Amino acid sequence: MAHALVTFRDVAIDFSQKEWECLDTTQRKLYRDVMLENYNNLVSLGYSGSKPDVITLLEQGKEPCVVARDVTGRQCPGLLSRHKTKKLSSEKDIHEISLSKESIIEKSKTLRLKGSIFRNEWQNKSEFEGQQGLKERSISQKKIVSKKMSTDRKRPSFTLNQRIHNSEKSCDSHLVQHGKIDSDVKHDCKECGSTFNNVYQLTLHQKIHTGEKSCKCEKCGKVFSHSYQLTLHQRFHTGEKPYECQECGKTFTLYPQLNRHQKIHTGKKPYMCKKCDKGFFSRLELTQHKRIHTGKKSYECKECGKVFQLIFYFKEHERIHTGKKPYECKECGKAFSVCGQLTRHQKIHTGVKPYECKECGKTFRLSFYLTEHRRTHAGKKPYECKECGKSFNVRGQLNRHKTIHTGIKPFACKVCEKAFSYSGDLRVHSRIHTGEKPYECKECGKAFMLRSVLTEHQRLHTGVKPYECKECGKTFRVRSQISLHKKIHTDVKPYKCVRCGKTFRFGFYLTEHQRIHTGEKPYKCKECGKAFIRRGNLKEHLKIHSGLKPYDCKECGKSFSRRGQFTEHQKIHTGVKPYKCKECGKAFSRSVDLRIHQRIHTGEKPYECKQCGKAFRLNSHLTEHQRIHTGEKPYECKVCRKAFRQYSHLYQHQKTHNVI
């Protein structure tokens, strides 16, 4: 068994303050990724020392450089001072780890790989630096590393592109060794006039103008300007996600992604907008949000005129018009124009829903679905339309609503020329012409055009009714049903019938009611020719011909063709009668029964005969009365062929034949 003395110093990457200032934002993010991953690998080898300050700062997303000291003495926590270097020799920070030679070599390869990413970038930088001292430092450093690797044959080496300092030398001498960097010298780009602190940053910037991309991915052919970008990109092909959230188990390709994700669980939003006091998880989100106040939108689509704040979103949008979908699901072959859409789609196959609502226990595949769902409990509607003041739970709902005011509909159907504001709406609409129903119920085989309709349908089988009325406790399968139901408690009825003065909570109720006066029955049964005022009545009627009775009572086994009949029947077993008359105290199991009963007290008779002017409380009474004028007798006795206007009369007659 081989024994190796491994310290955090062996896998740390050190920079002076001036060297740190030369790194751009992307390089600093890479430094954070490499340092954290190396430390995690060291812990997996058995390192049990106290967590270094630099790791704590990096995990918190803070700047790792200490600013309390003067310019020549400042250093990053990765740069060890004489005091800290001596401290490493104590038993507290050096641990003897018993590992097999093979396992050490395997981990060593991983650490070298992570360090090499950063080493290549830093060595590239030294090629552009004009300071001779920095070049000499780079050469001497390579010699030291080479010497260390050749002499430490017995002990496996974990050396990356480390800066190995003599503990007897001061930090000032260390800075001299690394070369002097004159921060006063500015370098201007001749193309656009941008100014940079050093030649390296200028050279990287100029690649934007030249379009130079020297690093190519062998898997997909995508090219990158920097080697570290290629290395990070390759993780998408390998599927490597080394950073795992301990709260929900979700894994990430980069540490900053994990850091941003963890803020979802903590609820911490450290980046505040000074204009509206809105909080955000990341600085990027805040930057994007600020453009709402400034109105800056620089990228315009030539096809439809839509403008975007970021070029990233603009390029994604362009794929809608070109039809390009480069991201394909390996499970089902479905392709997507945006990588994020593929990532979300893949969770359908895994079935993983790690985000759970603490209020109702409902789980979601994506965190923002949970965030949107929570607003239903809190009653929050943070997205307000500036045109009409209407508020929404979800930003997407607001964006859809805005098209009402703008009237822009750039996506037209090629079959019927109907136009839509969103490509997704057009895609769904096209299924009407193609007959495509991609969402199938595994229980009964019924297929649907929309996933949301399938989800609602599946609740018929599961019996789940997640939407509960806080006023009366009644539950519903569909959100739209509870929205309609809530208006029962408000008593607001803004829709009034001009003929009889009756008021309704909803416009479509008024439309259906007006057919009573006009006699219009647009929904006709193809089997028997019977017509109906409402589509729902026709659908229920069709079940008579099919003999289908899908609603079974678990208490007594009785089956029903209509859901309404089934719901009414269940109240026999429960005895629940939530609708009470304020006049006489009589209670009813259905609101419609209460409404009909109240006409006894009010004297209301909305159904009037056009022949003689007689009025009735119920539409069925009017129908029976009209048969006096028409002479219609639809109920015939099968024994003697005598016919009757009302079913009750036939029932009484059949007793004479001893049929009943």
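Here the Cβ of each residue, glycine as well, is placed from N, Cα and C on the backbone.
Of the candidate ranges 10-32, 33-55, 56-78, 355-377, Swiss-Prot annotates residues 355-377 with the feature zinc finger. Through the fold, the zinc finger (579-601) approaches residues 488, 568, 571, 617-618 of its own chain, all at least 6 residues removed from its boundaries and within a Cβ separation under 8 Å. Counting same-chain residues at least six beyond the ends of the zinc finger (439-461), those with a Cβ under 8 angstroms from any Cβ of the stretch are 428, 431-432, 477-478. Averaged over the zinc finger (187-209), the predicted model has a pLDDT of 73. Between the zinc finger (187-209) and the stretches 215-237, 495-517, 607-629, 635-657, it is 215-237 that has the most C-beta pairs under 8 angstroms.
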